[in-house]
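Asker: Take this structure, written in structure tokens, and hold onto it; I'll ask about it next.
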């Protein structure tokens, strides 16, 4: 049987501009795809309007172009994919794999934060209710090509998780699985902050009888205070000057080799060199790395 062509992707949410932590995820997924002569797609995950920042999607795409991370095909926006999500919800409902739940957030918090299946057999209607996946074959562990075998919290793995929220918005776990399957993604390279929901996503792939991609979770970049570089923590946007020093800092973070005189290479040649010398096995097998652990390994630019 012929192997499927490699398809990777970068799927940011437009809740702010790209920062150094975002660049690590984008660069790692880009290099992994290009090193295997595969496709690299970009998808804007704009399914949560309250968290979105006006103009952020355009700034994200401009930053990727500025840093030479050019994608294949058209950019997909999740806000234009509602019909596909509704069709998937209908399919799961018809197969008895989902149900409506009117439990409040406060009730679930009183239970310790994990849902107890209270509405599983109540046959509630959809009005004002969330929709949950009926977990029939929970996934308790998965293999990560970088981190190795990863075990999930069994209670979290068994939970009937939400696939459509009470306010009518589609849940992240539903949208990401539907879109990755639609786009033919064969491997997902992303930050280690998304390890936890992976078993839920694999369970949903199984329920939909869809092929499960392989996973690579890259180490997160931690700031000086030990917190993850993120939009929520107000990480500064990527510099808009010469992109090469910042790319070199990201390559160092991923423990990739550098050409001796990278300053003499233009952006395109630097990225081509990085693709040719990319080794996933050299990326640290850790879930997080502090940017000040080895200051000589990082550019002095303020992230």
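Quick reminder: no glycine exception, Cβ is built from N, Cα and C everywhere.
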Asker: Name the one residue among 134, 145, 190 that Swiss-Prot lists for the same L-glutamate site as 9, 10, 11, 12, 13, 45, 172.
Answerer: 190
Asker: With Swiss-Prot as the source, which of 218-222, 223-227, 228-232 is set down as motif ''KMSKS' region'?
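Answerer: That would be 228-232, per the motif ''KMSKS' region' entry in Swiss-Prot.
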Asker: Taking the Cβ of residue 190 (L-glutamate binding site) as reference, which residues of that chain separated by at least 6 in sequence fall under 8 Å from it?
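Answerer: For residue 190 (L-glutamate binding site), the qualifying residues are 11, 25, 29, 216, 217, 218.
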Asker: What's the most sparsely packed of the binding-site residues 11, 103, counting other C-beta atoms within 10 A?
Answerer: 103
Asker: In DSSP terms, helix, strand or coil for residue 9 (L-glutamate binding site)?
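Answerer: Where residue 9 (L-glutamate binding site) sits, the three-state DSSP reduction gives strand.
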Asker: Using a 10 Å cut-off on Cβ-Cβ distances across all protein chains shown, tell me which of the binding-site residues (10, 115, 172) has the largest neighbour count.
Answerer: 10
Asker: Tell me, which binding-site residues from 9, 12, 13, 45, 172 are within 10 Å of residue 103 (Zn(2+) binding site) if we use the C-alpha atoms?
Answerer: none
Asker: Provide, as an integer number of angstrom, the distance between the C-alpha atoms of residue 9 (L-glutamate binding site) and residue 115 (Zn(2+) binding site).
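Answerer: The separation of the Cα atoms works out to 31 Å.
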Asker: When a 10 Å sphere is centred on the Cβ of residue 13 (L-glutamate binding site), how many other Cβ atoms does it contain?
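Answerer: Counting Cβ neighbours of residue 13 (L-glutamate binding site) within 10 Å gives 19.
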